[in-house]
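Below you'll find the structure, written out as structure tokens, and then a few comments.
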């Protein structure tokens with residue numbers, strides 16, 4: 001039986017084109033999978049950054065400002081409110097930071113070849129140590145309260161400084177990973193930190209500023225001048 005030349009040519013072309021067609025389908029599928037993975041990774045990186053900003057860049061400073069406002073506060077009700085604001089904000093900060101750390105361990109390539117990842121490991125450890133000192137707080141007047149207060153203050157200050165640095169290095173790592181500009185986020189965060197620092201520094205002087213417009217009796221004037229001089233030294 002003789003096969004027509006036209007059918008033989010068509011069959012030969014079909015055999016030759018099938019592998020390239022299948023290969024093209026595989027490449028399209030791989031591209032689609034890569035796009036899905038890329039979008040998923042981008043979402044996880046963004047969520048990780050948001051959690052760490054909410055923890056280190058928002059809740060932690062709020063807790064510090066609250067406890068600083070309690071210094072010299074005589075009203076028992078206000079003192080209790082400020083203490084609970086401090087405690088709740090710090091607990092939420094630790095929980096959000098822990099969630100961000102779990103995301104990093106589970107989803108990211110933790111080769112620790114950049115400053116952000118190495119700093120993050122140290123930060124997570126100090127955060128939990130700080131939380132532990134908060135839980136083990138001795139009563140005021142108890143033996144060891146002074147040592148505890150200094151340790152708690154030192155750890156809290158360290159966490160805040162490292163947290164701010166971590167956010168800046170995280171923005172840099174985000175740019176390196178995605179090539180997307182982070183200039184706007186960097187400026188916004190810098191403005192936020194500047195405002196928080198100004199409020200922190202302004203708190204000690206607020207009562208003193210308010211008293212500048214209050215007239216004093218002659219008998220109190222000498223003591224007032226002495227106090228003002230003492231504030232400079």
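We number each residue from 1, going along the chain as drawn.
Any Cβ shown, glycine's included, is placed from N, Cα and C.
TrEMBL annotations:
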DOMAIN    8-210  domain 'Cytochrome b561'
SIGNAL    1-24  signal peptide
TRANSMEM  48-69  transmembrane segment
TRANSMEM  81-105  transmembrane segment
TRANSMEM  117-136  transmembrane segment
TRANSMEM  148-171  transmembrane segment
TRANSMEM  183-202  transmembrane segment
Let me know the model's mean pLDDT on the domain 'Cytochrome b561' (8-210). 78
Please work out which recorded stretch in 48-69, 81-105, 117-136 has the most C-beta pairs separated by under 8 angstroms from the transmembrane segment (183-202)? 48-69
Which bits of the chain, at least 6 residues beyond where the transmembrane segment (117-136) starts or stops, bring a Cβ under 8 A of a Cβ in it? 56, 87, 90-91, 93-94, 97-98, 101, 104, 110-111, 148, 151-152, 155-156, 158-159, 162-163, 165-166, 169, 173
